[in-house]
Ligand code: LLP
(Lines of atoms letter the chains of each structure in order from A; the text may use other names.)
(Lines give C-alpha, C1' and ligand atoms only; values in the text may rest on other atoms or scores of the structure.)
Protein backbone atom coordinates (compact mmCIF):
# COMPACT_ATOMS: atom_id res chain seq x y z
CA UNK A 1 0.00 0.00 0.00
CA UNK A 2 2.26 2.76 -1.27
CA UNK A 3 -0.08 5.57 -0.33
CA UNK A 4 0.22 4.78 3.39
CA UNK A 5 3.85 4.85 4.52
CA UNK A 6 6.08 5.95 7.39
CA UNK A 7 7.69 9.36 7.06
CA UNK A 8 7.70 12.69 8.84
CA UNK A 9 5.30 12.58 11.78
CA UNK A 10 4.85 8.79 11.64
CA UNK A 11 2.38 6.95 9.45
CA UNK A 12 1.19 9.11 6.58
CA UNK A 13 -1.45 9.00 3.90
CA UNK A 14 -0.05 10.60 0.74
CA UNK A 15 1.24 14.01 1.92
CA UNK A 16 -0.56 14.11 5.26
CA UNK A 17 0.46 12.73 8.67
CA UNK A 18 -2.38 10.62 10.06
CA UNK A 19 -1.63 11.97 13.54
CA UNK A 20 -2.47 15.47 12.28
CA UNK A 21 -5.92 14.31 11.19
CA UNK A 22 -6.73 12.69 14.49
CA UNK A 23 -5.38 15.64 16.49
CA UNK A 24 -7.73 17.85 14.59
CA UNK A 25 -10.92 15.75 14.48
CA UNK A 26 -10.42 12.90 16.94
CA UNK A 27 -10.99 9.18 16.54
CA UNK A 28 -12.24 6.74 15.43
CA UNK A 29 -11.83 8.06 11.90
CA UNK A 30 -11.69 6.41 8.50
CA UNK A 31 -9.12 7.95 6.18
CA UNK A 32 -9.16 7.32 2.42
CA UNK A 33 -6.47 7.99 -0.15
CA UNK A 34 -7.57 9.55 -3.42
CA UNK A 35 -4.38 8.32 -5.11
CA UNK A 36 -4.99 4.74 -4.00
CA UNK A 37 -8.56 4.78 -5.31
CA UNK A 38 -7.38 6.19 -8.60
CA UNK A 39 -4.51 3.72 -8.91
CA UNK A 40 -6.70 0.67 -8.27
CA UNK A 41 -9.33 1.87 -10.72
CA UNK A 42 -6.74 2.55 -13.42
CA UNK A 43 -5.11 -0.85 -12.91
CA UNK A 44 -8.47 -2.47 -13.61
CA UNK A 45 -9.04 -0.22 -16.61
CA UNK A 46 -5.67 -1.13 -18.07
CA UNK A 47 -6.18 -4.84 -17.45
CA UNK A 48 -9.20 -4.73 -19.76
CA UNK A 49 -7.43 -2.83 -22.51
CA UNK A 50 -8.23 -4.15 -25.95
CA UNK A 51 -11.68 -5.28 -24.80
CA UNK A 52 -14.85 -3.26 -25.06
CA UNK A 53 -15.57 -2.87 -21.35
CA UNK A 54 -16.90 -0.84 -18.43
CA UNK A 55 -15.53 -1.04 -14.90
CA UNK A 56 -18.40 -0.53 -12.47
CA UNK A 57 -17.68 0.23 -8.85
CA UNK A 58 -19.64 -1.80 -6.28
CA UNK A 59 -21.13 0.98 -4.18
CA UNK A 60 -21.73 -1.36 -1.23
CA UNK A 61 -17.99 -1.51 -0.56
CA UNK A 62 -17.85 2.16 0.36
CA UNK A 63 -20.70 4.45 -0.58
CA UNK A 64 -19.38 7.74 0.71
CA UNK A 65 -20.34 10.48 -1.75
CA UNK A 66 -16.75 11.66 -2.13
CA UNK A 67 -15.50 8.15 -2.85
CA UNK A 68 -18.28 7.80 -5.41
CA UNK A 69 -17.55 11.20 -6.92
CA UNK A 70 -13.88 10.24 -7.28
CA UNK A 71 -14.78 7.10 -9.22
CA UNK A 72 -17.52 8.73 -11.29
CA UNK A 73 -15.04 11.42 -12.37
CA UNK A 74 -12.58 8.75 -13.44
CA UNK A 75 -15.27 7.36 -15.75
CA UNK A 76 -16.39 4.36 -13.70
CA UNK A 77 -19.90 2.96 -13.75
CA UNK A 78 -21.73 1.92 -10.59
CA UNK A 79 -23.04 -1.42 -9.37
CA UNK A 80 -25.93 -0.84 -6.98
CA UNK A 81 -28.06 -3.15 -4.85
CA UNK A 82 -30.74 -0.87 -3.42
CA UNK A 83 -32.75 2.29 -3.95
CA UNK A 84 -30.47 3.92 -1.40
CA UNK A 85 -27.40 3.10 -3.44
CA UNK A 86 -29.15 4.41 -6.57
CA UNK A 87 -29.81 7.66 -4.70
CA UNK A 88 -26.18 7.94 -3.62
CA UNK A 89 -24.89 7.10 -7.09
CA UNK A 90 -27.08 9.76 -8.70
CA UNK A 91 -26.11 12.37 -6.09
CA UNK A 92 -22.45 11.60 -6.70
CA UNK A 93 -22.81 12.18 -10.42
CA UNK A 94 -22.63 8.71 -11.97
CA UNK A 95 -24.02 8.51 -15.48
CA UNK A 96 -27.21 6.43 -15.15
CA UNK A 97 -26.30 4.77 -18.44
CA UNK A 98 -23.40 3.22 -16.54
CA UNK A 99 -25.46 1.90 -13.62
CA UNK A 100 -26.27 -1.78 -13.11
CA UNK A 101 -28.69 -2.94 -10.44
CA UNK A 102 -28.24 -6.32 -8.71
CA UNK A 103 -29.98 -7.95 -5.76
CA UNK A 104 -32.47 -10.73 -5.10
CA UNK A 105 -35.11 -8.54 -3.47
CA UNK A 106 -35.67 -5.41 -5.58
CA UNK A 107 -38.90 -3.80 -4.45
CA UNK A 108 -41.46 -2.10 -6.66
CA UNK A 109 -40.33 1.33 -5.43
CA UNK A 110 -36.70 0.50 -6.19
CA UNK A 111 -37.54 -0.81 -9.65
CA UNK A 112 -39.57 2.31 -10.40
CA UNK A 113 -36.77 4.61 -9.28
CA UNK A 114 -34.25 2.77 -11.43
CA UNK A 115 -36.56 2.75 -14.46
CA UNK A 116 -37.06 6.46 -13.90
CA UNK A 117 -33.30 7.04 -14.10
CA UNK A 118 -33.08 4.81 -17.20
CA UNK A 119 -30.22 2.77 -15.78
CA UNK A 120 -28.20 0.54 -18.07
CA UNK A 121 -29.23 -2.89 -16.75
CA UNK A 122 -31.21 -4.76 -14.15
CA UNK A 123 -29.38 -7.91 -13.11
CA UNK A 124 -32.40 -10.13 -12.69
CA UNK A 125 -32.21 -12.97 -10.20
CA UNK A 126 -35.54 -14.85 -10.53
CA UNK A 127 -38.54 -15.58 -12.74
CA UNK A 128 -40.77 -13.67 -10.31
CA UNK A 129 -38.57 -10.61 -10.47
CA UNK A 130 -38.78 -10.67 -14.27
CA UNK A 131 -42.54 -10.83 -14.16
CA UNK A 132 -42.62 -7.93 -11.71
CA UNK A 133 -40.30 -5.92 -13.94
CA UNK A 134 -42.46 -6.56 -17.01
CA UNK A 135 -45.56 -5.53 -15.11
CA UNK A 136 -44.10 -2.34 -13.62
CA UNK A 137 -42.38 -1.25 -16.83
CA UNK A 138 -45.64 -1.84 -18.74
CA UNK A 139 -47.64 0.17 -16.23
CA UNK A 140 -45.34 3.17 -16.56
CA UNK A 141 -44.71 2.92 -20.29
CA UNK A 142 -41.00 2.16 -19.81
CA UNK A 143 -38.64 -0.47 -21.14
CA UNK A 144 -36.35 -2.44 -18.86
CA UNK A 145 -33.00 -3.69 -20.10
CA UNK A 146 -32.01 -6.84 -18.28
CA UNK A 147 -29.15 -9.23 -17.70
CA UNK A 148 -29.90 -12.64 -16.30
CA UNK A 149 -27.80 -13.29 -13.25
CA UNK A 150 -26.76 -16.88 -13.54
CA UNK A 151 -25.41 -19.11 -10.84
CA UNK A 152 -22.53 -21.02 -12.40
CA UNK A 153 -22.31 -23.37 -9.40
CA UNK A 154 -18.62 -22.93 -8.65
CA UNK A 155 -16.96 -22.89 -5.23
CA UNK A 156 -14.94 -19.68 -5.05
CA UNK A 157 -12.84 -20.95 -2.15
CA UNK A 158 -13.55 -17.96 0.05
CA UNK A 159 -15.38 -17.40 3.35
CA UNK A 160 -18.82 -19.05 3.33
CA UNK A 161 -20.52 -15.75 4.20
CA UNK A 162 -19.22 -14.14 1.01
CA UNK A 163 -19.66 -17.04 -1.44
CA UNK A 164 -22.55 -16.47 -3.80
CA UNK A 165 -22.17 -18.68 -6.86
CA UNK A 166 -22.74 -22.19 -5.54
CA UNK A 167 -25.73 -24.39 -6.23
CA UNK A 168 -27.47 -23.83 -2.91
CA UNK A 169 -26.90 -20.07 -2.79
CA UNK A 170 -29.88 -17.68 -2.89
CA UNK A 171 -28.25 -15.73 -5.72
CA UNK A 172 -28.85 -16.08 -9.42
CA UNK A 173 -30.56 -18.57 -11.70
CA UNK A 174 -29.13 -22.02 -12.56
CA UNK A 175 -27.65 -21.93 -16.05
CA UNK A 176 -30.05 -24.52 -17.52
CA UNK A 177 -33.06 -22.65 -16.14
CA UNK A 178 -31.71 -19.42 -17.62
CA UNK A 179 -32.33 -20.77 -21.12
CA UNK A 180 -35.95 -21.51 -20.30
CA UNK A 181 -36.39 -18.09 -18.75
CA UNK A 182 -34.82 -16.40 -21.74
CA UNK A 183 -37.43 -17.95 -24.04
CA UNK A 184 -40.09 -16.56 -21.73
CA UNK A 185 -38.58 -13.06 -21.85
CA UNK A 186 -38.78 -13.27 -25.63
CA UNK A 187 -42.56 -13.06 -25.16
CA UNK A 188 -42.47 -10.09 -22.77
CA UNK A 189 -43.35 -6.67 -24.17
CA UNK A 190 -41.38 -4.30 -21.94
CA UNK A 191 -38.28 -6.29 -21.02
CA UNK A 192 -35.28 -6.58 -23.32
CA UNK A 193 -32.81 -9.35 -22.53
CA UNK A 194 -29.44 -7.95 -23.54
CA UNK A 195 -27.00 -9.32 -20.96
CA UNK A 196 -25.71 -12.16 -18.84
CA UNK A 197 -24.40 -11.54 -15.35
CA UNK A 198 -22.56 -13.63 -12.80
CA UNK A 199 -20.81 -13.01 -9.51
CA UNK A 200 -19.48 -15.94 -7.49
CA UNK A 201 -18.24 -14.31 -4.32
CA UNK A 202 -15.85 -11.84 -2.77
CA UNK A 203 -12.18 -11.79 -1.73
CA UNK A 204 -11.36 -14.54 -4.21
CA UNK A 205 -7.61 -15.02 -4.24
CA UNK A 206 -7.33 -17.64 -6.98
CA UNK A 207 -7.95 -17.29 -10.70
CA UNK A 208 -9.23 -20.85 -11.23
CA UNK A 209 -12.76 -20.44 -9.76
CA UNK A 210 -13.28 -17.20 -11.71
CA UNK A 211 -12.06 -18.86 -14.88
CA UNK A 212 -14.32 -21.88 -14.42
CA UNK A 213 -17.38 -19.75 -13.71
CA UNK A 214 -16.70 -17.33 -16.53
CA UNK A 215 -16.25 -20.14 -19.00
CA UNK A 216 -19.64 -21.58 -18.02
CA UNK A 217 -21.42 -18.23 -18.17
CA UNK A 218 -19.70 -17.26 -21.41
CA UNK A 219 -21.05 -20.51 -22.84
CA UNK A 220 -24.53 -19.29 -21.96
CA UNK A 221 -23.90 -15.97 -23.73
CA UNK A 222 -22.93 -17.85 -26.85
CA UNK A 223 -25.91 -20.22 -26.63
CA UNK A 224 -28.34 -17.32 -26.18
CA UNK A 225 -26.84 -15.57 -29.17
CA UNK A 226 -27.21 -18.73 -31.23
CA UNK A 227 -30.87 -18.74 -30.27
CA UNK A 228 -31.26 -15.23 -31.62
CA UNK A 229 -31.01 -13.15 -28.46
CA UNK A 230 -29.18 -9.87 -28.81
CA UNK A 231 -26.76 -10.34 -25.88
CA UNK A 232 -24.61 -7.22 -25.81
CA UNK A 233 -23.27 -7.30 -22.27
CA UNK A 234 -21.44 -9.92 -20.26
CA UNK A 235 -21.03 -8.88 -16.62
CA UNK A 236 -18.38 -10.95 -14.87
CA UNK A 237 -19.13 -9.56 -11.40
CA UNK A 238 -16.60 -8.44 -8.80
CA UNK A 239 -14.75 -10.46 -6.23
CA UNK A 240 -11.09 -9.92 -7.03
CA UNK A 241 -9.24 -10.39 -3.74
CA UNK A 242 -6.71 -8.07 -2.16
CA UNK A 243 -3.76 -8.69 0.13
CA UNK A 244 -4.74 -8.17 3.77
CA UNK A 245 -1.91 -10.21 5.21
CA UNK A 246 0.29 -12.49 3.14
CA UNK A 247 -2.19 -13.75 0.57
CA UNK A 248 -0.80 -14.24 -2.93
CA UNK A 249 -3.37 -12.43 -5.04
CA UNK A 250 -3.53 -12.17 -8.81
CA UNK A 251 -3.18 -8.71 -10.30
CA UNK A 252 -6.08 -7.43 -12.41
CA UNK A 253 -3.94 -8.00 -15.50
CA UNK A 254 -3.19 -11.61 -14.55
CA UNK A 255 -6.86 -12.17 -13.87
CA UNK A 256 -8.14 -10.66 -17.11
CA UNK A 257 -5.40 -12.21 -19.23
CA UNK A 258 -6.39 -15.63 -17.91
CA UNK A 259 -10.03 -15.22 -18.93
CA UNK A 260 -9.52 -13.07 -22.01
CA UNK A 261 -10.20 -15.85 -24.56
CA UNK A 262 -13.58 -16.62 -22.91
CA UNK A 263 -14.44 -12.93 -22.81
CA UNK A 264 -13.46 -12.36 -26.42
CA UNK A 265 -15.44 -15.38 -27.58
CA UNK A 266 -18.66 -13.77 -26.38
CA UNK A 267 -18.27 -10.70 -28.61
CA UNK A 268 -20.09 -8.81 -25.84
CA UNK A 269 -19.15 -5.65 -23.98
CA UNK A 270 -17.55 -6.79 -20.71
CA UNK A 271 -18.75 -5.29 -17.45
CA UNK A 272 -17.23 -5.91 -14.05
CA UNK A 273 -18.35 -4.80 -10.60
CA UNK A 274 -15.35 -4.45 -8.33
CA UNK A 275 -15.71 -3.07 -4.84
CA UNK A 276 -12.99 -4.37 -2.58
CA UNK A 277 -10.24 -4.20 -5.20
CA UNK A 278 -10.89 -0.50 -5.72
CA UNK A 279 -11.54 0.68 -2.18
CA UNK A 280 -10.09 -1.93 0.20
CA UNK A 281 -6.49 -0.82 0.36
CA UNK A 282 -7.42 2.83 -0.10
CA UNK A 283 -8.57 3.24 3.50
CA UNK A 284 -7.46 2.89 7.11
CA UNK A 285 -9.35 3.18 10.38
CA UNK A 286 -7.65 5.32 13.00
CA UNK A 287 -8.40 4.34 16.56
CA UNK A 288 -6.93 5.38 19.89
CA UNK A 289 -5.97 3.03 22.71
CA UNK A 290 -8.19 3.98 25.64
CA UNK A 291 -6.93 1.41 28.16
CA UNK A 292 -4.40 -1.33 28.53
CA UNK A 293 -5.71 -4.25 30.50
CA UNK A 294 -4.47 -7.61 31.74
CA UNK A 295 -6.72 -10.52 32.61
CA UNK A 296 -4.67 -13.37 34.01
CA UNK A 297 -2.04 -14.11 31.40
CA UNK A 298 -3.91 -12.33 28.64
CA UNK A 299 -3.27 -8.75 27.52
CA UNK A 300 -5.78 -6.43 25.95
CA UNK A 301 -5.57 -3.11 24.21
CA UNK A 302 -8.99 -1.48 24.48
CA UNK A 303 -9.63 0.83 21.54
CA UNK A 304 -12.15 3.59 20.94
CA UNK A 305 -13.33 1.75 17.80
CA UNK A 306 -15.35 -1.42 18.05
CA UNK A 307 -17.31 -3.92 16.01
CA UNK A 308 -19.92 -1.27 15.28
CA UNK A 309 -17.20 0.68 13.43
CA UNK A 310 -15.45 -2.27 11.79
CA UNK A 311 -17.47 -5.48 11.75
CA UNK A 312 -15.23 -7.63 9.54
CA UNK A 313 -13.06 -9.20 12.29
CA UNK A 314 -16.11 -10.16 14.40
CA UNK A 315 -18.20 -11.34 11.48
CA UNK A 316 -15.66 -13.12 9.29
CA UNK A 317 -12.66 -13.43 11.57
CA UNK A 318 -11.05 -11.10 9.05
CA UNK A 319 -7.45 -10.04 9.50
CA UNK A 320 -6.55 -6.36 9.34
CA UNK A 321 -2.99 -5.33 9.91
CA UNK A 322 -2.58 -3.07 12.97
CA UNK A 323 0.08 -0.40 12.79
CA UNK A 324 1.31 2.17 15.25
CA UNK A 325 0.74 5.64 13.83
CA UNK A 326 3.64 7.06 15.85
CA UNK A 327 6.44 4.85 14.64
CA UNK A 328 7.32 1.91 12.50
CA UNK A 329 8.70 -1.25 14.07
CA UNK A 330 7.93 -0.34 17.68
CA UNK A 331 8.15 -3.19 20.16
CA UNK A 332 5.30 -5.63 20.05
CA UNK A 333 2.85 -7.09 22.50
CA UNK A 334 0.90 -10.32 22.21
CA UNK A 335 -2.64 -9.14 22.85
CA UNK A 336 -6.20 -8.74 21.65
CA UNK A 337 -7.25 -5.39 20.30
CA UNK A 338 -10.83 -5.04 21.46
CA UNK A 339 -13.51 -2.40 21.27
CA UNK A 340 -15.83 -0.95 23.92
CA UNK A 341 -18.96 -2.76 22.71
CA UNK A 342 -20.70 -5.09 25.15
CA UNK A 343 -20.20 -8.30 23.19
CA UNK A 344 -17.42 -10.80 23.71
CA UNK A 345 -17.15 -10.99 19.92
CA UNK A 346 -16.18 -7.32 19.79
CA UNK A 347 -12.58 -7.43 18.67
CA UNK A 348 -10.53 -5.84 15.94
CA UNK A 349 -7.57 -8.24 16.22
CA UNK A 350 -7.32 -11.40 18.29
CA UNK A 351 -4.25 -13.16 19.67
CA UNK A 352 -1.88 -11.10 17.63
CA UNK A 353 1.53 -9.47 17.88
CA UNK A 354 0.38 -5.86 18.11
CA UNK A 355 2.28 -2.60 18.50
CA UNK A 356 3.04 -2.22 22.21
CA UNK A 357 0.92 0.92 22.36
CA UNK A 358 0.49 3.09 25.43
CA UNK A 359 -2.85 4.50 26.53
CA UNK A 360 -3.60 7.43 24.26
CA UNK A 361 -1.56 6.09 21.33
CA UNK A 362 -3.07 6.02 17.89
CA UNK A 363 -3.31 2.83 15.85
CA UNK A 364 -4.25 2.31 12.22
CA UNK A 365 -6.26 -0.68 11.01
CA UNK A 366 -5.08 -1.18 7.48
CA UNK A 367 -7.08 -2.26 4.45
CA UNK A 368 -10.39 -1.02 5.80
CA UNK A 369 -11.50 1.12 2.85
CA UNK A 370 -13.99 -1.52 1.68
CA UNK A 371 -16.76 -2.93 3.86
CA UNK A 372 -15.53 -0.83 6.76
CA UNK A 373 -17.69 2.23 7.24
CA UNK A 374 -20.33 0.79 4.90
CA UNK A 375 -21.04 -1.97 7.43
CA UNK A 376 -20.87 0.30 10.48
CA UNK A 377 -23.84 0.58 12.82
CA UNK A 378 -24.96 2.49 15.87
CA UNK A 379 -25.02 -0.60 18.10
CA UNK A 380 -24.56 0.31 21.77
CA UNK A 381 -25.72 3.80 20.75
CA UNK A 382 -22.32 4.67 19.44
CA UNK A 383 -22.21 7.58 16.98
CA UNK A 384 -20.57 6.46 13.74
CA UNK A 385 -17.00 7.48 12.94
CA UNK A 386 -15.89 10.44 10.84
CA UNK A 387 -14.56 9.90 7.32
CA UNK A 388 -11.74 11.84 5.70
CA UNK A 389 -10.38 12.02 2.15
CA UNK A 390 -6.72 12.83 1.51
CA UNK A 391 -5.55 14.09 -1.86
CA UNK A 392 -1.86 15.03 -2.03
CA UNK A 393 -1.17 17.30 0.91
CA UNK A 394 -4.81 18.29 1.35
CA UNK A 395 -7.43 16.57 3.44
CA UNK A 396 -11.07 17.13 4.22
CA UNK A 397 -13.79 15.62 6.36
CA UNK A 398 -16.12 13.88 3.93
CA UNK A 399 -18.55 12.68 6.59
CA UNK A 400 -18.85 14.31 9.95
CA UNK A 401 -18.60 12.24 13.06
CA UNK A 402 -22.11 11.56 14.28
CA UNK A 403 -23.39 13.27 17.41
CA UNK A 404 -25.68 11.95 20.10
CA UNK A 405 -28.57 13.82 18.51
CA UNK A 406 -28.08 11.76 15.34
CA UNK A 407 -28.69 8.62 17.39
CA UNK A 408 -32.31 9.53 18.12
CA UNK A 409 -33.09 11.15 14.78
CA UNK A 410 -36.55 10.08 13.67
CA UNK A 411 -37.49 8.58 17.02
CA UNK A 412 -40.79 9.75 18.43
CA UNK A 413 -42.26 9.23 21.88
CA UNK A 414 -46.05 9.10 21.35
CA UNK A 415 -48.41 11.07 23.59
CA UNK A 416 -49.87 7.91 25.18
CA UNK A 417 -46.57 7.15 26.90
N1 LLP B 1 -21.33 -7.70 -7.43
C2 LLP B 1 -22.19 -8.38 -6.65
C3 LLP B 1 -23.42 -8.91 -7.21
C4 LLP B 1 -21.89 -8.53 -5.27
O5 LLP B 1 -22.73 -9.20 -4.49
C6 LLP B 1 -20.69 -7.99 -4.74
C7 LLP B 1 -20.36 -8.13 -3.33
C8 LLP B 1 -19.83 -7.29 -5.61
C9 LLP B 1 -20.18 -7.18 -6.95
C10 LLP B 1 -18.55 -6.68 -5.15
O11 LLP B 1 -17.66 -7.63 -4.71
P12 LLP B 1 -16.14 -7.24 -4.37
O13 LLP B 1 -15.47 -6.83 -5.67
O14 LLP B 1 -16.16 -6.13 -3.42
O15 LLP B 1 -15.57 -8.48 -3.82
N16 LLP B 1 -18.98 -7.65 3.56
C17 LLP B 1 -18.09 -8.63 2.97
C18 LLP B 1 -18.16 -8.61 1.47
C19 LLP B 1 -19.54 -8.83 0.91
C20 LLP B 1 -19.59 -8.77 -0.59
C21 LLP B 1 -20.99 -8.78 -1.08
N22 LLP B 1 -21.13 -8.70 -2.50
C23 LLP B 1 -16.69 -8.40 3.50
O24 LLP B 1 -16.50 -7.48 4.28
O25 LLP B 1 -15.79 -9.14 3.18
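Quick reminder: no glycine exception, Cβ is built from N, Cα and C everywhere.
Annotation source TrEMBL lists domain 'Orn/DAP/Arg decarboxylase 2 C-terminal' at 30-369.
Look at TrEMBL and you will find 36-279 tagged as domain 'Orn/DAP/Arg decarboxylase 2 N-terminal'. Note on the domain 'Orn/DAP/Arg decarboxylase 2 N-terminal' (36-279): mean pLDDT across this stretch is 95.
Marked as N6-(pyridoxal phosphate)lysine by TrEMBL: 60. In the shown protein chains, 22 other C-beta atoms lie within 10 A of the C-beta of residue 60 (N6-(pyridoxal phosphate)lysine).
The Cβ of residue 276 (pyridoxal 5'-phosphate binding site) has 26 neighbouring Cβ atoms from other residues within 10 Å, across all protein chains displayed. Under DSSP, residue 276 (pyridoxal 5'-phosphate binding site) is assigned to a helix (H, G or I) in the three-state scheme. What TrEMBL records for 239, 273, 274, 275, 276, 371 is pyridoxal 5'-phosphate binding site.
Positions annotated as substrate binding site by TrEMBL: 276, 312, 316, 343, 371. Taken residue by residue with DSSP, residue 371 (pyridoxal 5'-phosphate binding site) is part of neither helix nor strand, so it is coil.
The active site, proton donor annotation in TrEMBL covers 342. In the three-state DSSP reading, residue 342 (active site, proton donor) counts as coil.
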If you count, for each of the recorded positions 274, 342, the other Cβ atoms lying within 10 Å of its Cβ, which residue has the minimum? 342
Cβ under 6 Å from ligand 1: qualifying recorded positions of 273, 274, 276, 342, 371: 273, 274, 276, 371
Over all pairs within 276, 312, 316, 343, 371, the annotated substrate binders, what is the largest Cα to Cα distance, rounded to whole Å? 27
Highest CB neighbour count within 10 A among the binding-site residues 273, 343? 273
